[in-house]
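Student: Got a structure for you, written out below as structure tokens; questions coming shortly.
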Amino acid sequence: MTQQITLIKDKILSDNYFTLHNITYDLTRKDGEVIRHKREVYDRGNGATILLYNAKKKTVVLIRQFRVATWVNGNESGQLIETCAGLLDNDEPEVCIRKEAIEETGYEVGEVRKLFELYMSPGGVTELIHFFIAEYSDNQRANAGGGVEDEDIEVLELPFSQALEMIKTGEIRDGKTVLLLNYLQMSHLID
């Protein structure tokens, strides 16, 4: 018997920036027992992220920006080193990530390669992230990057070996970034 889910109630607790739901549902377990659950679910939309790499120079492009949630959770400066990313906002993932790459890093990338889609925090967050990589070159630099409007983004071009070391030292603690850097290492796109 497969599990069945019956929605009992979906109450919106907040929709100031993203939407926080309080969801009550019945879950019919495999043994037939029905269990009522009440959970908060945070809907922030789906997103996309991309790691830019240069195989010849053996470098990657990352960004550093303030992330309030990390600051609240003990990251004293709130600064996080991560891959370029953004919410889809009704765009297709590839369209989104091309826009974000130009806005945040300044690079207008050519061919992008989609790797996978992952739920990063499925216990309470709806977001599905689309993961991409793309090779970049210096002549693809369209502007200085840094984000738009209220963003204050620092663009970092780092040796790939240094970025991997920064995972070990704790300087890089963003999940999507660690995944993409490890993927790049395992795939031997930079040797």
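Please read every residue number as a count from 1 along the shown chain.
Backbone N, Cα and C atoms are what each Cβ position is placed from, and that goes for glycine too.
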Student: Say Swiss-Prot lists Tyr17, Lys38, Arg39, Glu40, Arg67, Ala85, Gly86, Leu87, Glu127, Asp150, Glu151, Lys176 as binding GDP-alpha-D-mannose: which of Glu104, Glu111 is in the same site, per that record?
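Tutor: Matched candidate out of Glu104, Glu111, per Swiss-Prot for GDP-alpha-D-mannose with Tyr17, Lys38, Arg39, Glu40, Arg67, Ala85, Gly86, Leu87, Glu127, Asp150, Glu151, Lys176: Glu104.
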Student: Which residue counts does DSSP yield for the motif 'Nudix box' (86-106) in the helix, strand and coil classes, in that order?
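Tutor: DSSP classes over the motif 'Nudix box' (86-106) add up to 13 helix, 2 strand, 6 coil.
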Student: Looking only at the domain 'Nudix hydrolase' (43-180), how are its residues distributed among DSSP helix, strand and coil?
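Tutor: Helix/strand/coil tally for the domain 'Nudix hydrolase' (43-180): 37 helix, 50 strand, 51 coil.
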Student: Taking only the Cα atoms, work out how far Glu151 (Mg(2+) 2 binding site) lies from Glu104 (GDP-alpha-D-mannose binding site), in Å, as a whole number.
Tutor: 9
Student: Under DSSP, is Arg39 (GDP-alpha-D-mannose binding site) helix, strand or coil?
Tutor: strand
Student: Out of Arg39, Arg67, Lys176, which of the binding-site residues has the smallest number of neighbouring Cβ atoms within 10 Å?
Tutor: Arg39
Student: Using the structure shown, find which entry in Glu100, Glu104, Asp150 (the binding-site residues) has the sparsest Cβ neighbourhood within 10 Å.
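Tutor: Taking Glu100, Glu104, Asp150 as the binding-site residues, the minimal 10 Å Cβ count falls on Asp150.
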